[in-house]
Amino acid sequence: MIRTLDDLEADGTALGVRIDINSPLSSDGLADDARLRAHVDTVEELCRRDARVALLAHQGRPGGDEFSDLERHAERLDELLDAPVEYCDSTFSAEARTRIDELDPGRAVLLENTRFYSEEYMSFEPSAAAETYLVSRLAPALDAYVNDAFATAHRSQPSVVGFPERLPAYAGRVMERELDVLGNIESSPEPRVYVLGGAKVDDSIAVARSVLERGLADSVLTAGIVGNAFLLADGVSLGAASAAVVNERSHEAVKQAGDLLDDFSHRIYMPRDVAVENDAGERVEHDLEDLPASTPAMDIGARTVAAYANILDDAGTAILNGPAGVFEDDRFETGTLELYKSATRAEQSIVGGGDTASALRKLGILEDFDHVSTGGGAALNMLTGETLVGVEALRE
């Protein structure tokens with residue numbers, strides 16, 4: 001059993017709330033605040049219920065271009081929330097603990113980037129995570145722990161799995177919604193159609209195998225680099241450029257796709273045509289019979305969109321992960337746009353996080369879907385039936 005905010009006595013309680021606000025940055029702030037907006041419901045509810053909220057989060061990877069403090073995140077949260085949000089430039093120091101202790105009920109403080117401390121970028125067993133400096137120093141200042149960061153639930157890091165070893169633990173509203181939808185795919189309306197695209201070829205093939213073997217998918221539609229891997233496995237000569245792109249992503253993808261086709265060819269659908277860039281820099285669509293092409297496939301073509309739309313029109317549930325092409329380039333956004341529009345006609349439409357959500361946001365159709373996951377890797381892991389350590393840590 002996992003306790004939720006409905007089970008929490010929040011009034012006056014000091015809460016450590018793990019959120020995921022890892023966002024693209026710009027020179028003057030945040031380039032995208034979607035992840036911050038996702039947690040508004042949880043944080044506002046806790047503040048409205050007079051909790052004293054200490055927010056835990058990370059930004060970027062050590063040494064990366066987007067590795068930074070969380071001051072701009074605190075400023076944006078303060079703008080988004082009805083409740084005031086302060087910023088503390090430390091995470092578990094005496095100052096941080098004092099700031100939590102002195103918080104008035106109904107207020108929040110965003111503590112410093114948890115990844116400023118090397119322990120947070122390591123994996124631990126939960127019992128060992130509870131002994132790290134971050135958890136052992138900060139936990140005594142808290143009465144309970146709330147994990148609302150579904151996007152990090154697959155990472156066995158101290159701020160995810162350590163606190164539940166020391167404190168009563170609860171799922172926030174984002175976590176609760178994600179588990180309710182992604183954890184109950186088997187009871188979603190049938191037929192279930194998975195649309196797998198993007199560049200995470202190995203992950204997508206793993207999802208396809210898992211849902212097909214477990215009987216959760218009636219059809220799997222492939223696109224993007226994933227679709228190209230299946231075409232190559234099926235003997236289609238896409239051209240050296242497309243093959244190189246697939247091999248750069250995974251040396252095993254074509255073999256894995258071929259093995260899956262051997263087992264489930266009747267349920268796996270591949271592109272019928274692709275779009276490439278010609279010498280003039282224009283979009284040109286080619287049927288498979290007209291390949292190979294000298295330039296890499298950048299999108300699916302109109303024939304593929306029409307064929308996939310026919311399947312999606314009859315879908316009870318459409319589960320999408322990954323774009324159909326290089327949607328960032330306006331010349332090659334059509335396949336993703338039209339394919340995803342078709343998916344919204346399903347009785348229930350579910351979108352994985354990461355690049356998929358970014359594509360929908362750029363194309364202006366994000367709000368048309370029933371559920372948009374906040375997690376990329378976590379959503380993929382859950383779709384493959386893997387256990388998420390951050391979720392298991394919340395179980396009583």
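The first residue you see is number 1, and the count goes up from there.
Including glycine, each Cβ sits where the backbone N, Cα and C put it.
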Q | ATP site partner of Gly353, Gly354, Asp355, Thr356 (as recorded in Swiss-Prot), chosen from Glu328, Glu386, Glu392 | A | Glu328
Q: Pick the one from Arg155, Arg166, Arg173, Arg177 that Swiss-Prot also lists for the substrate site with Asp20, Ile21, Asn22, Arg35, His58, Gln59, Gly60, Arg61, Arg115.
A: Arg155
Q. If H, G and I count as helix, E and B as strand, and all else as coil, what does DSSP give for Arg115 (substrate binding site)?
A. helix
Q: Quick one: give me the count of other CB atoms within 10 A of the CB of Asn22 (substrate binding site).
A: 18
Q) Roughly how many angstrom lie between the C-alpha atoms of Gly353 (ATP binding site) and Gly60 (substrate binding site)? A) 17
Q) Given the ATP binding site residues Glu328, Gly353, Gly354, Asp355, Thr356 in the record, what is the largest Cα to Cα distance, rounded to whole Å? A) 16
Q: Among Glu328, Gly354, Asp355, Thr356, these being the binding-site residues, pick the one whose CA is nearest to that of Asn22 (substrate binding site).
A: Gly354
**Q.** Thr356 (ATP binding site) and Asp20 (substrate binding site), Cα-Cα, nearest whole angstrom
**A.** 17
